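Per TrEMBL, the features are:
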type	residues	note
DOMAIN	228-473	domain 'GOST seven transmembrane'
TRANSMEM	12-31	transmembrane segment
TRANSMEM	232-251	transmembrane segment
TRANSMEM	263-281	transmembrane segment
TRANSMEM	296-317	transmembrane segment
TRANSMEM	329-346	transmembrane segment
TRANSMEM	366-386	transmembrane segment
TRANSMEM	407-426	transmembrane segment
TRANSMEM	446-468	transmembrane segment
Amino acid sequence: MRYRKGKCDLMYVIEGLLFLSSWVMVVNGSIHEYKDEAFIPRFNSFFFHGGSEGLYASKVQDSPLLVSDDSNNNNNKPINGKSFIRFESIIFRRTKEAANKQNEMQQSTGIVEAIILEVKDRNEIGGSYLNSDAICCTPALAKDGSCKVGEVIIHQDPENPGWPKRIQTSFEGNSEEANMVFNNVQINKTGMYYLYFMFCNPELKGTLISGRTVWRNPEGYLPGKMAPLMTFYGLMSLAYLILGLLWFLWFVQHWKDIIQLHYHITAVIGLGMCEMALWYFEYANFNATGSRPMGITMWAVTFSAIKKTVSRLLLLVVSMGYGVVRPTLGGITSKVLLLGVVYFLASEALELVEHLGNINDFSGKARIFLVLPVALLDSCFIVWIFSSLSKTLEKLQVRRSLAKLELYRKFTNSLAVSVLLSVAWIGYELYFNASDPLSELWRRAWFIPAFWTLLAYLLLWVICILWAPSNNPTRYAYSGEALDDEEEGLSLTGSSVIVGGDLSKLDRKERKASITADHVFGLGEVVLEEDKRE
């Protein structure tokens, strides 16, 4: 019973280390750089999290550990089909006071260990089976010969000999620096891998690490979580291209009957095509080089933020009846634009932190604060959209515009379904992240961001079908109905719409040719043709 308790206690310790490290370092790339980073004390050890990524097993088997003093020779070896973790120019620097205490002639005066483990083997680190919470071996634990004093306790996996992996680097004499030998650790088993640099000697307290490690999958440098997204963005680029071609054919076929709203839809499709293409090329370049190209990434992030903003504004102005029951947004134009600008800035900031943050910066914490305003603004959009839809439906019912009413009912139902799916998916995301804090389900994680891209694409399809160009644009175009002045200043909590005028007269006017706005989202004055019969 004591054996089980000790093992469970130490398993919680290792889980705590892994969870803590996920907040200390946010992994955004396959090249992990360390710039004089400090070690963190934990029980009787000191550790530094060197990175964590999902890695697929090598397709080409090789020696599990290649060690050479000549890094160029190793770099020239074929790497296609191989999955590995490579240590490059790793240097440990201890304090001058710690170095002066050592004997100049002594060969080893301190050991730093690089520990590579698969996350499922986290309970193989430490003295759990010895009823101890120690991570480093002590003289008492070393009596039975199961570990060496001053080293991290590792229990080898009988089903995977040699793992967890240990690579040691020693300080010599009173030297302040210790250089880690160039190493390639080949990965022959698919899993989520964690890298820790650890030492047990208290005299090494204050030691810093610099250098970098390179992580590679068989097909390239993309982390395992992100690798499927490159294929996904490639397919989405093709999907937007197909939608764009179909919309272009509709557009050309009925170009004489095009209304202003069709140009807005075209802009969203174009932005979507550019966004997906840029993300695909960004991921392809990342996969080939191991680092994110700043230029392409910036463009992809910016197009993504613009497309999200314009898409939400399109949903909002359509819900308000723009181009259908009203030619302009009137007095609320400034409010709509203000909400759009604020959302763009918040979305751009969040995307920049997510995709351009370095693995050793504060991007993890910054993301928490940046997600909140984006979520709040999304909520504002949802409330305003459904509030506007309610007023538009009410107006169409009073005016007995049956064709437009049916159109907006379909649009409302589609939007309601998308909102319900979004709420359900947010709940799933929360459950997924809470139940998988150590990223053991990393092979499924790519679908979390992919869902939102796919949902936005499907909703755009719905809008394109409902508002497709046709020979009868008056079925959904603005047809000169009398506008209520009060409506131009509607707020989210505004009262019901007051509609006046002779209904029979409005029915006759609905059969007239539509008069539409001249500027995007109703900016500028719209001159209406005077009714000759009035």
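Cβ from N, Cα, C; glycine included.
Pairs of Cβ atoms less than 8 Å apart link the transmembrane segment (407-426) most often to 446-468, out of 232-251, 263-281, 296-317, 446-468. Outside the transmembrane segment (446-468), and at least 6 residues removed from its termini, the chain residues within Cβ reach (under 8 Å) are 225-229, 232, 236, 239-240, 243, 246-247, 250, 261-262, 265, 268-269, 272, 276, 308, 311, 314-315, 318, 407, 410-411, 414-415, 418, 421-422, 425, 429, 432, 476. Residues 258, 262, 265-266, 269-270, 272-273, 276-277, 279-280, 283, 446, 450, 453-454, 457, 460-461, 464, 468-469 of the same chain lie 6+ residues outside the transmembrane segment (232-251) yet bring a C-beta within less than 8 angstroms of a C-beta in it. Residues 264-265, 267-268, 271-272, 274-275, 278-279, 281-282, 285, 323, 329, 336, 339-340, 343-344, 347-348, 351-352, 355-356, 378, 381, 384-385, 388, 415, 456, 459-460, 463, 521-522 of the same chain lie 6+ residues outside the transmembrane segment (296-317) yet bring a C-beta within less than 8 angstroms of a C-beta in it.
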